[in-house]
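Enquirer: There's a structure below that I have some questions on.
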Amino acid sequence: MTTIWEHCVDVDGEVAASTGCFTTLPIRIHRRNDIADDATKQSIHDWGAYVGDGWEQRSGSSWSPVGNWGAFIFPESLPDRLGVITYLANMGNIHDDLCDELPFEEALKEHSNLSQAMEVSNSDTRQCSKASDRSMKMKKYISKCLLEAMEIDRARALRMINSYRSKWLDVMESQNVNDMQTLEEYLAFRNLNGGMEAFWSMVEFGMAIDISESEKTHTRPLFQAAESALVLTNDYWSWDREWRLAQRTQDPRIVNAVHLFMRTEGLSVDQAREKVRERIVDYEREYLRLKEEFYTQNPNLPLYLRRYVEVCGVITAGNHYWCANCPRHHAWRDEESSPSERSFSPSNEGIEDPRLSPGASTTSSMSQKSSPATEITLSDVLGFMAINDNHKPQRSSDMALMAPVQYIRSMPSKGLRSLMVEALDQWLLVDDPELEQIKNIIDLLHNSSLILDDIEDDSPLRRGLPATHTVFGQAQSINSANFMFVQAVQMTQKLNNPASLDTLLDELECLFIGQSWDLYWKFHLQVPTEKEYLEMVDCKTGAMFRLLARLMFHESSVVSGTQVLQLLDEMCRLFGRFFQIRDDFMNLYSTEYSDQKGFCEDLDEGKMSYPLIMLLWQNPGQRDQIMGIFRQQASNTSRGPTSDRSRLPLETKRYVMSLLKGSDIMASTLRKLRDLEAAVDYSISGLEKALGDANPVMRIVLSRLSVRDVSL
């Protein structure tokens with residue numbers, strides 16, 4: 001019979017109490033504490049190797065005499081996932097300890113560095129000004145862990161990573177704690193500051209479960225009680241360390257309920273700590289009461305949800321036991337007896353900041369508000385250059401010209417191009433101004449091609465929104481798309497290497513040739529061979545990837561040589577094939593694609609996609625039927641661009657899909673994609689060998705598009 005507890009064991013309550021621990025909840029610890037210890041050791045080693053600021057030694061980290069923090073807070077994690085999430089948790093500890101000593105603005109910058117590192121990773125070791133940048137070091141530090149998590153469980157890993165960034169790093173310093181007057185207000189803030197939502201996503205990843213939004217809503221009251229106990233437990237046991245640190249910091253920020261009670265109620269330290277202790281016990285009892293009510297109201301809970309609820313309490317208790325014994329909160333006492341080993345500057349010792357006194361009314365630097373991280377976008381410099389010639393007519397407003405541009409740019413994006421730029425930059429180390437210029441060039445060309453593609457394909461939707469030409473009309477959209485090509489040329493001329501402009505023109509020519517064949521086959525109802533199709537893809541899709549890689553190669557100050565350029569071209573060629581065939585496959589397979597562009601939209605367009613080409617060549621008997629459908633569709637569309645005439649009937653699409661599935665074409669296309677994915681991975685290895693640098697960032701890009709977990 002399946003039980004609640006699969007991976008953890010009891011901790012003796014009397015033994016725990018003898019250490020000063022006073023939790024009222026049962027304590028459990030993961031059986032594989034050794035995995036958590038190894039992950040902590042690796043996290044500390046990697047921080048020292050990649051970041052190299054010494055903080056891995058100054059932070060208390062996750063170890064303790066009674067067990068690893070990861071083994072207590074992830075008690076029911078699958079063993080093969082425990083190491084990854086403990087690594088991330090220990091990284092959070094080091095990062096948190098570091099930020100506690102930084103002035104407010106520097107702490108914000110440090111959060112931003114780590115948040116960016118969680119987006120992609122870095123793997124560069126070459127010595128240059130860019131390689132020494134802290135954000136690049138952080139990317140290198142975190143990359144292998146992120147890649148490992150994605151290889152274990154890509155969907156949950158991405159959810160966990162995004163939550164870690166957006167629900168913790170991007171909000172943790174965003175409020176002035178000294179403005180708060182009530183415990184409820186403080187706990188609401190600490191829920192964000194402590195990253196509770198991000199933490200539960202890590203628990204879900206570890207347990208390999210998915211808790212729905214509805215289930216989270218129903219369990220929220222009891223989880224909120226447990227979270228309050230968790231936060232206050234940390235405050236209780238960390239108070240002495242935080243108070244001592246604040247006396248030695250130029251810009252002290254105490255985020256602790258003990259200080260809240262001292263400040264708002266005029267209590268002494270001992271009185272305030274005792275009040276926090278009482279509240280911890282109260283919230284633990286509240287959790288137990290609400291849990292029993294929840295079970296009574298929901299007697300037929302699925303096992304995974306009951307396990308999740310029980311784990312919540314065990315995490316609360318395990319964290320308490322660890323906090324009562326961990327070096328992170330208590331090692332400072334040893335430092336007091338060994339002044340020579342202190343990691344703090346002795347010059348500030350004994351200085352008490354009046355802002356930390358009970359009842360102090362002065363506002364700390366926490367009153368400064370953090371601004372959300374924003375991605376740099378195209379600046380106004382992309383408009384027409386001002387002409388200082390009185391003999392030339394004054395230019396009209398560019399509002400009408402730029403409206404379609406701004407519309408397509410505002411659409412949601414999966415960020416693949418930005419990820420690819422980051423990945424290539426781990427090898428090429430392009431200086432930031434030129435790198436930003438190249439990003440803008442690629443964005444211009446990509447968005448221009450989207451506008452034109454939608455017009456040429458008569459697509460009504462783009463990323464779930466009305467296509468640009470359906471909002472602004474075909475003529476205006478074409479005009480704006482053409483102007484974006486002009487802007488791209490203007491920006492390329494400003495790059496340092498003169499070869500960049502020739503590269504741009506070469507790849508644009510290639511792109512238009514590829515697109516011409518795609519349109520030609522559709523209009524003339526001709527079926528290309530697989531070889532002809534791949535040649536078209538190499539031109540149309542591969543051109544954009546090659547252009548990006550070549551522009552960055554030309555602007556790189558650390559990489560040169562024809563061999564490297566050839567390897568980059570080969571990787572981009574394979575990546576372009578993988579990307580395009582995957583797009584063809586997902587258009588017919590993916591629910592997400594249907595939501596974004598419409599069900600099997602490629603069939604509406606009469607597009608010669610890879611699966612369809614394979615079907616038409618391998619099953620001549622069905623060729624006449626499908627070509628007849630396309631011929632009739634083309635005839636209907638030519639009578640007028642009405643939505644009824646441009647869309648195939650749903651039944652017709654389902655019939656074509658039945659032919660594709662019945663002929664095993666979708667399965668063979670998936671096999672082709674997996675072969676291409678392996679080939680791209682092999683080409684990345686070739687570049688890593690040639691450049692002498694591993695690049696897990698590029699593998700993360702590939703992993704985000706992986707079809708290894710796709711099943712038919």
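Each Cβ is built from the backbone N, Cα and C atoms, and glycine gets one as well.
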Enquirer: Which of these, ASP80, ASP96, ASP457, ASP458, does Swiss-Prot say binds substrate at the same site as ASN234, SER238, TRP239, ASP240, ARG241, GLU242, ARG328, HIS329?
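Expert: Swiss-Prot lists ASN234, SER238, TRP239, ASP240, ARG241, GLU242, ARG328, HIS329 binding substrate, and from ASP80, ASP96, ASP457, ASP458 it also lists ASP96.
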Enquirer: From the ranges 218-222, 453-457, 493-497, 668-672, pick the one that Swiss-Prot records as motif 'DDXXD 2'.
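Expert: Of the candidate stretches, Swiss-Prot labels 453-457 as motif 'DDXXD 2'.
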Enquirer: According to DSSP, which kind of secondary structure is HIS329 (substrate binding site) found in, if we only use helix, strand and coil?
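Expert: Going by the DSSP assignment, HIS329 (substrate binding site) falls within a helical segment, counted as helix.
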Enquirer: Per DSSP, what is the helix/strand/coil residue tally across the motif 'NSE/DTE' (234-242)?
Expert: 9 helix, 0 strand, 0 coil
Enquirer: What whole-number distance in angstrom separates the two most remote CA atoms of the substrate-binding residues ASP96, ASN234, SER238, TRP239, ASP240, ARG241, GLU242, ARG328, HIS329?
Expert: 16
Enquirer: Give me the Cα-Cα distance between SER238 (substrate binding site) and ARG462 (dimethylallyl diphosphate binding site), rounded to a whole Å.
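Expert: Their Cα atoms are separated by 51 Å.
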Enquirer: Of ASP96, THR541, LYS607, which is closest to ASP457 (Mg(2+) 4 binding site) if I measure between C-alpha atoms? They're all binding-site residues.
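Expert: Nearest by Cα distance to ASP457 (Mg(2+) 4 binding site): LYS607.
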Enquirer: Can you give me the Cα-Cα distance between HIS329 (substrate binding site) and ARG462 (dimethylallyl diphosphate binding site) in Å, rounded to a whole number?
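Expert: Approximately 52 Å lies between the Cα of HIS329 (substrate binding site) and that of ARG462 (dimethylallyl diphosphate binding site).
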